[in-house]
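*Asks:* Take a look at this one; I'll ask things after.
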Amino acid sequence: MDILCSTLLLLTVPSWVLSQVTLRESGPALVKPTQTLTLTCTFSGFSLSTSGMCVSWIRQPPGKALEWLALIDWDDDKYYSTSLKTRLTISKDTSKNQVVLTMTNMDPVDTATYYCARI
């Protein structure tokens, strides 16, 4: 009976609920001061062409809180952190399921772990 109930429950769940969303960040581990950092977020399990979908970049300096950097949405609208907007560019390639963040004029204070996230 338990197996039957589980099977029936699975059959009533929309297929999109069962899809697995993954995001993977890639880029250099280190950049020198004044260089440009380019990070790529490759994702699966959703489409950035779908209305309401967004991808953000955030970072976390060692021992500090998360800091939001930038967001791009399905309609190619772009939003940036006020304090960093002159140094950041976010773009997307929906054919490759990728969002790219570039950050110019890197400085030691930019030392952090950088993450992308679906919003």
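Note that Cβ sites are derived from N, Cα and C of the backbone, with glycine treated the same way.
Pulled these from Swiss-Prot:
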SIGNAL    1-19  signal peptide
REGION    20-44  region 'Framework-1'
MOD_RES   Gln20  pyrrolidone carboxylic acid
DOMAIN    20-119  domain 'Ig-like'
DISULFID  Cys41-Cys116  disulfide bond
REGION    45-54  region 'Complementarity-determining-1'
REGION    55-71  region 'Framework-2'
REGION    72-78  region 'Complementarity-determining-2'
REGION    79-116  region 'Framework-3'
*Asks:* For Cys116 (disulfide bond) and the residue listed as 'pyrrolidone carboxylic acid', determine the Cα separation and express it in whole Å.
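*Replies:* Distance between the two Cα atoms comes out at 16 Å.
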*Asks:* Over the span of the region 'Framework-1' (20-44), how high is the average pLDDT in this prediction?
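*Replies:* Mean pLDDT, the region 'Framework-1' (20-44): 96.
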*Asks:* Using a Cβ distance cut-off of under 8 Å, indicate which of 55-71, 72-78, 79-116 has the most pairs with the region 'Framework-1' (20-44).
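*Replies:* Against the region 'Framework-1' (20-44), the leading stretch is 79-116.
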*Asks:* Using DSSP reduced to three states, classify the residue listed as 'pyrrolidone carboxylic acid' as helix, strand or coil.
*Replies:* coil
*Asks:* Please give me the CB contact count at 10 A for Cys116 (disulfide bond), counting all chains in the structure.
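*Replies:* Neighbour count, Cβ to Cβ under the 10 Å cut-off: 25.
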*Asks:* Could you give the Cα-Cα distance between Gln20 (pyrrolidone carboxylic acid) and Cys41 (disulfide bond), in whole Å?
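*Replies:* With the alpha carbons as reference points, the distance is 16 Å.
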*Asks:* Pull the DSSP breakdown for the region 'Framework-2' (55-71) and write it out as helix, strand, coil residue counts.
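*Replies:* Across the region 'Framework-2' (55-71), DSSP assigns the residues as follows: 0 helix, 11 strand, 6 coil.
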